[in-house]
Amino acid sequence: MNISVVGTGYVGLVTGVSLSEIGHHVTCLDIDKEKVAKLLRGESPIYEPGIEEMMRQNIENGHLHFTSDYKEACEKVEALYIAVGTPEKEDGTADLRFVEAVVQSVASNIKAPLTVITKSTVPVGTNDKIQALFYEQAEVPVHVVSNPEFLREGSAIHDTFYGDRIIIGADNEEAGDVVALINKAFGIPIFRTDCRSAEMIKYASNAFLATKISYINEISNLCEFTNANVEDVAKGMGMDKRIGANFLNAGIGYGGSCFPKDTSALLRQAENQGMAFPLMNSIITTNAMQQLKLIDKAEARFGSLKDKKVAVLGLAFKPNTDDMRAAPSIPVTERLVLDGATVNVYDPIAMDAAKNVLPKAITYTNTMKECIENAEIIFILTEWKDIVADLLPLIKENGKRVALFDGRNCYGYQELKDVDMEYYSIGRPGLTAKLETVHQ
Ligand SMILES: NC(=O)C1=CN([C@@H]2O[C@H](COP(=O)(O)OP(=O)(O)OC[C@H]3O[C@@H](n4cnc5c(N)ncnc54)[C@H](O)[C@@H]3O)[C@@H](O)[C@H]2O)C=CC1
Ligand SMILES: O=C(O)[C@H]1O[C@H](OP(=O)(O)OP(=O)(O)OC[C@H]2O[C@@H](n3ccc(=O)[nH]c3=O)[C@H](O)[C@@H]2O)[C@H](O)[C@@H](O)[C@@H]1O
């Protein structure tokens, strides 16, 4: 099928590349001309494992093309995906201006009937509004289908080919059939519903995962008071299939481009209906507090962090991505700078992106070795594989006694017992106590 994908960010690019891989002829459009120039050279503007190889192959075999010209993207197109951002506005609602701009551009360029597929995460009822806009503005019939996306950054290609479900929300059955046909070759279970339920499935899913994280983080805080170990607690809970083992990793909270904005947007949707949603309020508050947990712990240990030399390892909101949106490293470095600490930071991939969002008064180091060289305190914020593997040998080699505050519970007691340092993690008081016994 001839398909266009509008927006070549984390979702649009992965969608376009994956659809070309299963045999469709895909044109990806972005208004960012620099991005498009990069894509035309076969370079991915985002860090996402596996994407560049798949992209190049499909450019070479003629299945995949990039443009910034709406006229070109709307020519001979049978289905068009909307995959532009829906960021959080200051009041917590979803900003739909990019989606609206796409609708306007597409409506004024299409010449034949079209199925429009919304991948962007949009509040319930938005697809009805998109449908109405096309009705007003387009000269040909357009049917709008909701097809929310569930990929995770860092494993986006894998998630697209091996996802748990594809949700198709269509009020027009034939348009829903078109989307089912496009996706048939993925071989993933398809669940069909109406547009509004599909929109709600997306928010309810993200908010539920965020709930699991905030819940286990609250439990981890209680574990610290009661001398229980949250890792074992999560394992024991997760063995119950009704609970499930995933998304029970305690840490410094969730970040990223979606959980924070989608939980806020869901809360605002409820409030706009005059409905209180105290649970969602608490999930958001718990997460904001949890993001600063390592600061609390360091202050409890050292009193003030003024003039302390702090190394921050891992800046992206999770490993295997360069995405810095709502990363816990933002509030953490802001607080460290405010408290007067001297801050070195390191991330294997996200350094360039970090420079746009972290406070100015920090030093970016080229290697982890350089980052921790003079540190008295080390924070692990993102569990990059290389950081976890290389840190303990580097601390040993450095020979300087440090306090390591591990925000992602990267190490077990066995790995730590030969390293001369203080160690603090999340929800594992026993581990800290054992180490202190070793070092007294
Ligand atoms: N990032 C993720 O892991 C996931 C994101 N989503 C949702 O997918 C949507 C897109 O998210 P991302 O890919 O992360 O966004 P992004 O910010 O990475 O990419 C959006 C792209 O759209 C382009 N754009 C903006 N206005 C445009 C216009 N008028 N015409 C053409 N292109 C335009 C931008 O230049 C940018 O390249 C959001 O609604 C998000 O909530 C859903 C699931 C996963
Ligand atoms: O709508 C979206 O954008 C996407 O949001 C998340 O994907 P993503 O944000 O890429 O990453 P996750 O792996 O879900 O992690 C999100 C955050 O939660 C944190 N997390 C995750 C799991 C866990 O057990 N504990 C925990 O603190 C991670 O460190 C990270 O900061 C969802 O998992 C995707 O299904 C969804 O499509």
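In case you wondered, yes, glycine gets a Cβ from its N, Cα and C as well.
The record from TrEMBL ties F150, L151, R152, E153, K202, F247, L248, N249, A250, G251, G255 to substrate, and of the options K71, K76, K89, K318 it ties K318 to that site too. Binding of NAD(+) is annotated in TrEMBL for D30, K35, T121, E153, K261, R325; the matching candidate from T86, T193, T226, T363 at the same site is T86. Ligand 1 lies within reach of none of the binding-site residues K202, L248, A250, G255, K261, R325, judged by a C-beta closer than 6 angstroms to any of its atoms. Cα to Cα, K202 (substrate binding site) and C258 (active site, nucleophile) are separated by 11 Å. In this structure, the binding-site residues under consideration are R152, K202, K261, R325, and the one with the smallest number of other Cβ atoms within 10 Å of its Cβ is R152. Among the recorded positions R152, L248, A250, G255, C258, the ones whose Cα sits within 10 Å of the Cα of T121 (NAD(+) binding site) are C258. Residues belonging to the domain 'UDP-glucose/GDP-mannose dehydrogenase C-terminal' (311-413) score a mean pLDDT of 97 in the model. Using a 10 Å radius centred on the Cβ of G255 (substrate binding site) and all shown protein chains, the other Cβ atoms total 24. By the rule that a residue counts when its Cβ sits under 6 Å from some atom of ligand 2, the binding-site residues D30, K35, R152, K261 yield R152.
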